[in-house]
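These notes are about the structure you will find just below.
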Amino acid sequence: MATEPLLTARGLVKRYGRVTALNNADFDLYPGEILAVIGDNGAGKSSLIKAISGAVTPDEGEILLEGKPVHFKSPMEARDAGIETVYQNLALSPALSIADNMFLGREIRKPGIMGNWFRMLDRGAMEKRAREKLTELGLMTIQNISQAVETLSGGQRQGVAVARAAAFGSKVVIMDEPTAALGVKESRRVLELILDVKRRGLPIVLISHNMPHVFEVADRIHIHRLGRRLTVIDPKEYSMSDAVAFMTGAKAPPEAAIAA
Amino acid sequence: MSDASADARRPQEFEKVLSGSDTSVASFDTHTRSPIEKIQHFLHSNPAAVPLIVLVTSVALFGLIIGGKFFSAFSMTLILQQVAITGIIGAAQTLVILTAGIDLSVGAIMVLSSVVMGQFTFRYGLPPSLAILCGFAVGALCGWINGVLVSYMKLPPFIVTLGTWQIVLATNFLYSANETIRAQDIEAQAPILQFFGANFRLGNAVFTYGVVAMVLLVAVLWYILNHTAWGRHVYAIGDDPEAAQLSGVRVNRVLISVYVISGLVCALGGWMLIGRIGSVSPTAGQFANIESITAVVIGGISLFGGRGSILGMLFGALIVGVFQLGLRLIGTDPQWTYLLIGTLIIIAVAIDQWIRKVAG
């Protein structure tokens, strides 16, 4: 590839007691692509993603964002650096409204005395921006921005979580199993959302067990095995059964792909 | 292989039928609701409505039964005076319960703060205003200890405050040597300690400064809980602490601040307690923790956290006050009050569970 990777990890190691979850793992994400990360259970995908999103601090190795080393100690620091994560459990507060949820942890305060002295929230501004974001992603069929998230369906909640990430993620959006808990129709909608986010220029890291979904949207597929990157394949050149074979160790990966 | 790649960009085989299906995937469910569902939704978004309705109904009922003796400015403001301390301690309890915690030590912190305010003035000869500040500092310290144990040590709030309740209460008795400071002495030497007991009249209505302080405190906390980021974070933590953490809420820091503020509010309650009973007594306010939890629960605030309004707590405290005064004026055995309050608590929790089903 001609372009420089946006997000790079080299030689990541993470041990939990005597278990080594990450064993010299590498990772590369290029601008504007959808990179799927697949791997068997226990292969260390979630540890890898947690290291990149700041949820865990790796014991060894380095992470580079736009060529500069970063050391995230919490998801907040990764967020401040422009990396947004949509967690599998969505990390939404059910009793709070859609707008409150989208701005949780980064609320907008009113200008002037009301905001500075009385720290009053600017509900109007937050609701307006939340509505804009949901409209951009074609989710504005959710009519009432101040309705509680718990009154939404699973797909709608996923939409709110994706909209939140897309609204604030300036560099990378990470999605952990975005379709795992959804029905066929809602999955389709979320896949369209992912492609929408990509079209807006944001690169996406997609963690999924669903091979058809991975092969449909991904530009490249990172296969994780035994705590490290086994290979990166192009979904146009390999079939789903090849990917599963690499992932489970049934077949050795091609030499050329390892170098990529 | 190239065929497969061309295929990959299109919907998969089993999904092709979707093009013919209903496309309103993310649409808002607009089926007409039955009246019961409408009520459920209304209560879901207005958690203080149930206690307000109960309050207005009970005032009206007692007014009808007893007449002018109950339905007068004097009696109404008497109720306010009687619930002032429960309202203050209930406000502290509300903050903690909204984070899905519970604070059994509120009453003990209140009494210890009042004893510190009194003893620092009379034993060490500190200026009363400085002694009051020391009382607030002690309240904040107790709250901070609760907060650290709950947030960083990850101990269950019920156990933590069950422990600190005993510790604080024992400290209170040991430190004060079970000694009461007489009202006359306070009046002569440190009248500021009784500040919240002073009253003013508007016609027949009698307001103590304590009542005014309680209403102001609830109003200020209502504003903070609903219109500041901190307030939203309190609700988010009560709802789902992990989700709040991942959304960028500094959960431990907010939890500690909740317990510290709760401790400060309890100290304010301790100051008001001196105004209410006149003296400084280490044995006062024994049931403040149970009374505050009662007010919170009748006020429709969920013990599971994240739901309810502090205004509901105030209505809950007033409902208890209305029942107590009303039944006393009717002249029944006071046990009837407890029987009715107990029933109200159970009904309130049942309604909370029902409202929660709106999400399903």
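Yeah, the Cβs are placed from backbone N, Cα and C, and that goes for glycine too.
Taken verbatim from TrEMBL:
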| type | residues | note |
| --- | --- | --- |
| TRANSMEM | B:48-71 | transmembrane segment |
| TRANSMEM | B:83-110 | transmembrane segment |
| TRANSMEM | B:130-150 | transmembrane segment |
| TRANSMEM | B:157-175 | transmembrane segment |
| TRANSMEM | B:206-225 | transmembrane segment |
| TRANSMEM | B:254-274 | transmembrane segment |
| TRANSMEM | B:286-304 | transmembrane segment |
| TRANSMEM | B:311-330 | transmembrane segment |
| TRANSMEM | B:336-355 | transmembrane segment |
Report summary line: Comparing B:83-110, B:206-225, B:254-274 for Cβ pairs under 8 Å with the transmembrane segment (B:311-330), the winner is B:83-110
Query raised in the report: Among B:48-71, B:157-175, B:206-225, B:286-304, B:336-355, which stretch has the most Cβ pairs under 8 Å to the transmembrane segment (B:83-110)?
Result: B:286-304
Report summary line: The answer for the transmembrane segment (B:336-355), taking Cβ pairs under 8 Å and residues 6+ beyond its ends, is 40, 43-44, 47, 50-51, 54, 294, 297-300, 302-303, 307, 316, 319-320, 323-324, 327-328
Query - Intrachain residues whose Cβ lies under 8 Å of the transmembrane segment (B:286-304), provided they are six or more past its termini - result: 47-51, 54, 83, 85-87, 89-90, 92-94, 97-98, 100, 102-108, 110-111, 165, 238, 269, 310-317, 319-320, 341, 344-345, 348-349, 351-352, 356
